[in-house]
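Everything below concerns the one structure shown next.
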Amino acid sequence: MSQESNGGPAAGGGAAAAPPPPPQYIITTPSEVDPDEVRSMADLELGSPEKQVQVQSQKFSSTSSTTKVATHSFSMSSSAGTTGQQSKQDSAQQIQQLQQLQQLQQLQQQQQQQQSQRIISSSTRSQSLQSSTIVGEATTITSGAAQILSASAAASLAQQLKAQSSTSIITSSEQRTSTSTSSSSSTRYIASGSSNLAGGNSNSASSASSKTRFQSFLQQPEGAHGFLTAHQKHVRQFVRSTSAHSEAAAGVAGARAEKCIRSASTQIDDASVAGVVESAGNLTDSSATGGSMQLSMSKLGLQQSSSILISKSAETIEMKSSSAGMRTQLTLSGGFLAPPGNRKITILSPIHAPPGLHDMLKRAQGRSPLSPRISFPGSDSDLFGFDVENGQGARSPLEGGSPSAGLVLQNLPQRRESFLYRSDSDFEMSPKSMSRNSSIASERFKEQEASILVDRSHGEDLIVTPFAQILASLRSVRNNLLSLTNVPASNKSRRPNQSSSASRSGNPPGAPLSQGEEAYTRLATDTIEELDWCLDQLETIQTHRSVSDMASLKFKRMLNKELSHFSESSRSGNQISEYICSTFLDKQQEFDLPSLRVEDNPELVAANAAAGQQSAGQYARSRSPRGPPMSQISGVKRPLSHTNSFTGERLPTFGVETPRENELGTLLGELDTWGIQIFSIGEFSVNRPLTCVAYTIFQSRELLTSLMIPPKTFLNFMSTLEDHYVKDNPFHNSLHAADVTQSTNVLLNTPALEGVFTPLEVGGALFAACIHDVDHPGLTNQFLVNSSSELALMYNDESVLENHHLAVAFKLLQNQGCDIFCNMQKKQRQTLRKMVIDIVLSTDMSKHMSLLADLKTMVETKKVAGSGVLLLDNYTDRIQVLENLVHCADLSNPTKPLPLYKRWVALLMEEFFLQGDKERESGMDISPMCDRHNATIEKSQVGFIDYIVHPLWETWADLVHPDAQDILDTLEENRDYYQSMIPPSPPPSGVDENPQEDRIRFQVTLEESDQENLAELEEGDESGGESTTTGTTGTTAASALSGAGGGGGGGGGMAPRTGGCQNQPQHGGM
């Protein structure tokens, strides 16, 4: 089988051309050629810059050489029909070709003056007569593309290239003549290779019939757009999944490809696909068989190329992607007019990865290369197919800027998973819950996938939220029922985007099961088990709770289980577990548990009475002094002089007067960058970081104009707001507010969220980030509740500080010259106020697990439903995403570069220690992690990341994949750093104070134990370990051993405090 190399004629002039790279091979789809046949796929390869200059100079050096190339290309593209007809067509079209070449010479001179380039080449493909190709740069794409596309298609392509100077677009159409031009050598040269494959020629009758049917389909109001909309997620998934190999290769090349991949993956979108359809629809010649669009990008030394080919007969849509030497092909077969059940997607991968890639990445990164499911089979003979559903064509769910704008949900690549994906073995699970995935792959391929794909964690989109598991189980029951009964599926009662065909069932269509077969019996048994599990789960749902509460309760239960094991490891582990439980778990569900009334339990009454007498004095000492009248909002100061200080026409460039304006402007120019030097901004802004950050962000987003906010009023309010942040707080000050606001701005810029939220929603989220900690006293909610503060009484112990922040902020808006929303309509103002209240209340850390469960349930439910698109078409869904976005920004310190993260950790711990000092002085119990004499910072950060931060960012990354992969990588690196910094466990501190007393008590305690346990405990006593609580009379060596994992507790010993955490280990007798 002949293979023609790509890249144009050989360079002449005595200069030796660079040797061509070895071709990459893939297996073509079985419907096209024999499965054993291999062909080259180097048609998108980019040559070296030197070779590009040589090729261009020789190709356009003379008219004769250009004529030869065009004539040869034309003869290749005219291979159909009989020999006589072919020669006649060649003769006629060669004359026309030569005439057009003369016109091209004139066009060439004009373009040389403009320093731009349009290169025209030709290529041939199997089962289609090829055409010419036009390559255009952004400056000339309109005039170039107008020759083969309509004006609207050319405009859309030009708009795509507006901000992509390094991108080239190739569009082709089958009956256009070949043209060629040249320009400056600085423009990259893209050559289209050719490969002739046996496949036969289509007769003229069938071609004309196909053309008529295709044009008729395109003329339908919602035909083509609806079909492409339904497949939009697959198109994006194809391009993005190819980036996995590009990321892997980047590790070898020493470059990071994420930015390159992210830019390239956004190129194939609604506009470009629509351009391809329009290109194909404009073809009128009966010999034309299709149109194509190709995209090429080169960044960071890596090359990303993608192409789409739509055949004229609507039989296939073929997409190819080439990234860093890795090529992948995807084919949508079945045609536009085929029933949804007959449409298939086939994905083929390279046969071989680069030599040594896997081993090198394992050594460099400690994990295997990313390998998304359904995209890259392990061998050349493994093909993955999944059904393509016929989505709604009335409105694209990807349309931005509207209340119905949605998010395309992607599959996460392999990475370290959080505890949410571990087995909840204490409770009954669905029989298939551990292998259930997002209903993309057919059931019959599950075993094949499991045997091929290795080292991929939860790459199958493992479902962990109970409601999504119930939906998946019911879908499985429905599909199994279709197989068992052989009843044809009816889609009358199903929404179009959730229609299930017979091919979704456990058995492929055309192979029904008959009663009495072993497979029939096994499938029936599995179906009954699945249905029983669904019924059990539904029976436990409480009617007054939402379905996301099921996930919240499950996650809290799993977290308690994890922390129980964590607390048993050491004294510090117990303290960290208690801190996490008391801070991040809302314990409201405890009131729903059945319990005895106090008066029904005399022993409990007596114990409470004794405890009350002992704590009466302590309560009196810890109670906060009487504050201002509760009818007033505490913390609101009198209007300061700066409220009316901006009297001149000129406002400060960045909202603050500073002698270091140039340095400040340089840093503020990076406000869209994750991990900005926020501490330097605070220094250069004369301790006004919140004002300058907020003002710059609102200016750059044009929110002052769209929300009709007077700039002077905005600066007045921000200055007043910043004055109400307590500067003496080490952590909760205006610098923290500026950091959260800047992080919120970056997350709002996520490509997946582009055009999703309105300016009012964006402004509300940023405003909420600005005010979310105003007048923070540097104390926790639990401290305020325990000390019976005026704030806790005012807000009934519920989100005390968050309610106070909102009250202070909205009260400040009433100051003269500070109402930034004065020009809004009443309805808009009410909507924004509600949004801000919801977002700020969600920053209460005790609501963390509920927020996480709500978001994960929403994402997984949409994936199980089969739509793959999260339609944010109601307030609840939209505010839920914004709440989690700001919550992520509030917990973003561990995801920042390590120097910033370490500095934030030091400030937060100092604030905790100050609260602990205050608790010690008041005779109160010192809160977890607040005792400066007994804290392990490194281990606390590892636990904080493992149980709180990583599960949250993991879910967010699932929502906006792949836009948060860099953040997750940084988080894992920071976690590994603190893990490596954990000091070795010290010996028990209480043993040295009175070793003889501890030894005696230890021996007396073990008299009732057998000799084996005695020997084990004595070994543990000699080896030492971390003790539990120090400095108390109830501390025993047995409890110290328990803390070190040496066994049970000792008699008479007092167990460690377990705060607000349920299911903590209680050290009882053996």
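Backbone N, Cα and C atoms are what each Cβ position is placed from, and that goes for glycine too.
As recorded in Swiss-Prot, the features of this protein are as follows:
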- 1-91: region 'Disordered' (REGION)
- 51-69: compositional bias 'Low complexity' (COMPBIAS)
- 70-84: compositional bias 'Polar residues' (COMPBIAS)
- 166-210: compositional bias 'Low complexity' (COMPBIAS)
- 166-215: region 'Disordered' (REGION)
- 487-516: region 'Disordered' (REGION)
- 488-506: compositional bias 'Polar residues' (COMPBIAS)
- 615-653: region 'Disordered' (REGION)
- 656-985: domain 'PDEase' (DOMAIN)
- HIS732: active site, proton donor (ACT_SITE)
- HIS736, HIS772, ASP773, ASP890: divalent metal cation 1 binding site (BINDING)
- ASP773: divalent metal cation 2 binding site (BINDING)
- ASN893: site 'Binds AMP, but not cAMP' (SITE)
- 1007-1024: compositional bias 'Acidic residues' (COMPBIAS)
- 1007-1070: region 'Disordered' (REGION)
- 1025-1042: compositional bias 'Low complexity' (COMPBIAS)
- 1043-1054: compositional bias 'Gly residues' (COMPBIAS)
- 1060-1070: compositional bias 'Polar residues' (COMPBIAS)
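For the pair HIS736 (divalent metal cation 1 binding site) and ASN893 (site 'Binds AMP, but not cAMP'), the C-alpha distance works out to 10 angstrom. Of the chain residues outside the divalent metal cation 1 site list HIS736, HIS772, ASP773, ASP890, HIS732, ALA737, VAL740, ALA769, HIS776, THR843 have their Cβ within 8 Å of the site's Cβ mean position. Of the recorded residues, HIS772 (divalent metal cation 1 binding site) and ASN893 (site 'Binds AMP, but not cAMP') place their C-alpha atoms 16 Å from one another. Around ASN893 (site 'Binds AMP, but not cAMP'), the C-beta neighbours below 8 angstroms that are at least 6 residues distant in the chain are ASP739, LEU900, TYR901, TRP904, VAL905, LEU908. The recorded positions listed here are HIS732, HIS736, HIS772; among them, HIS772 has the most other Cβ atoms within 10 Å of its own Cβ. Neighbour counts of Cβ atoms within 10 Å were taken for the binding-site residues ASP773, ASP890; the minimum is at ASP890. The residue listed as 'active site, proton donor' is 11 Å away from ASP890 (divalent metal cation 1 binding site) when you measure Cα to Cα. Mean model confidence of the domain 'PDEase' (656-985) amounts to 93 (pLDDT, 0 to 100 scale). DSSP assigns HIS736 (divalent metal cation 1 binding site) to a helix in the three-state reduction. Look at ASP890 (divalent metal cation 1 binding site): DSSP puts it in a helix.
Cα spacing between ASP773 (divalent metal cation 1 binding site) and HIS732 (active site, proton donor): 7 Å, rounded to the nearest whole number.
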